[in-house]
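J.: According to Swiss-Prot, the protein has these features:
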DOMAIN    24-147  domain 'NTR'
CARBOHYD  N53  N-linked glycosylation site
CARBOHYD  N101  N-linked glycosylation site
MOD_RES   S178  phosphoserine
REGION    24-27  region 'Involved in metalloproteinase-binding'
SIGNAL    1-23  signal peptide
SITE      N37  site 'Involved in metalloproteinase-binding'
Amino acid sequence: MALFAPTVSGILLLLWLTAPSRACTCVPPHPQTAFCNSEVVIRAKFVGTAEVNETALYQRYEIKMTKMFKGFSALRDAPDIRFIYTPAMESVCGYFHRSQNRSEEFLIAGQLSNGHLHITTCSFVAPWNSMSSAQRRGFTKTYAAGCEECTVFPCSSIPCKLQSDTHCLWTDQLLTGSDKGFQSRHLACLPREPGMCTWQSLRPRGA
């Protein structure tokens, strides 16, 4: 396996691509949206440092997967994921993993390309222990129930209204200025009856 040492041509190419440099910007999704829109959702530890491929302009991280929540059918006969791929530069939404704790588990939601798991700065990547118990329950079993019929509809400014009875109005950003408000940490948009979805608590019944 070859790591990709920078060359003069590679450095010049990077400088050309990043001038003028523009920061990657994206709106963080509700966790349910991240689950539903991702092809693969796993829990894993980052166990290796980034390896940069100067030709393809990507970097990859070695991981140790501990649990898969979504992606069994997409991965078919190769369910074990050992590497995650991302653009090599933050200006084009490359993800840079900054935690040095190799025993820390992360929830990672990404897309498949040629059998490889890809993520960006805009992907949902979060320390497992930082997530609420409701979010962990959502990724484990509940969010999937809303993927086919329901849509989390972000509301970031007034006025905003639902465009469909299958939409749930997400107001965390509007009310708290954060994407990590009550609806994000404790609720899921799930079918209430045919043709209608509502916010529902992710707390276990009886809790």
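Yeah, the Cβs are placed from backbone N, Cα and C, and that goes for glycine too.
Looking at the shown structure, what environment does each listed feature sit in?
T.: Using a 10 Å radius centred on the Cβ of N53 (N-linked glycosylation site) and all shown protein chains, the other Cβ atoms total 15.
Its Cβ taken as reference, N101 (N-linked glycosylation site) is surrounded by 9 other Cβ atoms within 10 Å in the chains shown.
Here S178 (phosphoserine) comes close to D172: these same-chain residues lie at least six apart in sequence, with C-beta atoms under 8 angstroms from its C-beta. DSSP assigns S178 (phosphoserine) to coil, not to a helix or a strand.
Residue counts for the region 'Involved in metalloproteinase-binding' (24-27) under DSSP (helix as H, G, I; strand as E, B; rest coil) come to 0 helix, 0 strand, 4 coil.
The Cβ neighbour count for N37 (site 'Involved in metalloproteinase-binding'), using a 10 Å radius and every protein chain shown, is 13.
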J.: Over the domain 'NTR' (24-147), what is the model's average pLDDT?
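T.: Taking every residue of the domain 'NTR' (24-147) together, the mean pLDDT is 92.
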J.: Measure from the CA atom of N53 (N-linked glycosylation site) to the CA atom of N37 (site 'Involved in metalloproteinase-binding') and give the result in Å, rounded to a whole number.
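T.: N37 (site 'Involved in metalloproteinase-binding') to N53 (N-linked glycosylation site), Cα-Cα distance: 27 Å.
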J.: Compute the C-alpha separation of N53 (N-linked glycosylation site) from N101 (N-linked glycosylation site), stating it in Å without decimals.
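T.: That comes out at 24 Å between the alpha carbons.
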